[in-house]
Amino acid sequence: MMTMKVEELVTGKKTDDKESGSFLPEDFKTGEYEAAVKLEKQDDLRTASDHLSTQVDMAHGKEKKREAELKKKKLQERSKLESLEDLEKIIQLKKKKKCRKVKAPLLKEPEPEVITGPVDIAMFFRAALENKLPVIEKYLSDKGDPNVCNEYKRTALHRACSEGHLEVVKKLVEAGALLELKDMLESTALHWACRGGNLEIVKFLLDKGINRNARDKLRSTPLHVAVRTGQHDCAEHLIACEADLNAKDREGDTPMHDAVRLNRYKMVRLLILYGADLTIKNVDGKTPMDLVLQWQNGTKELFNNLKNNSYKSAHLNKF
């Protein structure tokens, strides 16, 4: 039977019989292949697969022996409770292991954007929208007007409030941005802050004295806007700052009318909790309670129509 040499087994290269007797790579004289080489020298009648399986068995046996010794050592250490001091040491080690925290990798902070050239109005507006404070600071340091507006009469303050960029808002107000300026929709910065839903900006503007009951083109107050957009925290803070709970918009709707119509349960509960009037009628003569009944009747009618249509379809399919 033809046998394979260890060199052939490991490298996959065939060697001539003449050279194989005198050639033995240094890598095979020591290390993990040493045992296989010795076995081959002792019994050249064994096949390469026999040598390989023997080698694996030996390695596996050594590994199992090491594991058993390690386990035995751990058990001996655990069972060494000769005094209260030993017990105290074990308890302290367990506490340390439990309290060990994995340190989060330190993220390299991005280098601040360096603005060298002049900042035009378009860049200024874009910076307010994208929260680029260095661009805002450069524009203001170059004596730029913080109250400049676009074709919709919207200022950088309006944009920053709608996007929730608190630091930009603070910088603009510090530079003289007017809080009560209105855009083409006659919305103030507070209207836009309520649309954006950033409570910290709402708090900041109110602390600076902005009108909490300002009206836009539809006669809506910031509270109307907060209720319609579902900004519960902003609405609650406005109410706590004595915003008008029962203010009517152009359609005669109060914030409660809007909350009921839009089926905003949390808003309805909030407004009731703070004492909103449920008897006020809008221009259609409807109170918030009327809207609830109207919604229920509309839903009932919708389901009845759906049921009737299903019955008719099933009846026609029989023919």
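In case you wondered, yes, glycine gets a Cβ from its N, Cα and C as well.
From a predicted model like this one, the values you see are computed outputs, not experimental measurements.
Taking Swiss-Prot as the reference, the stretch among 44-71, 128-155 described by the feature region 'Disordered' is residues 44-71. Region 'Disordered' is the annotation Swiss-Prot gives to one range among 1-26, 209-234, and that range is 1-26.
Only residues 6 or more beyond the boundaries of the repeat 'ANK 2' (185-214), in the same chain, are considered here, and those with a CB under 8 A from a CB of the stretch are 152, 155, 157-159, 161-164, 166, 169-170, 173, 179, 220-223, 225-226, 229, 231, 233-235, 237-238, 241-244, 247. The DSSP breakdown of the repeat 'ANK 4' (251-280), given as helix, strand and coil counts, is 16 helix, 0 strand, 14 coil.
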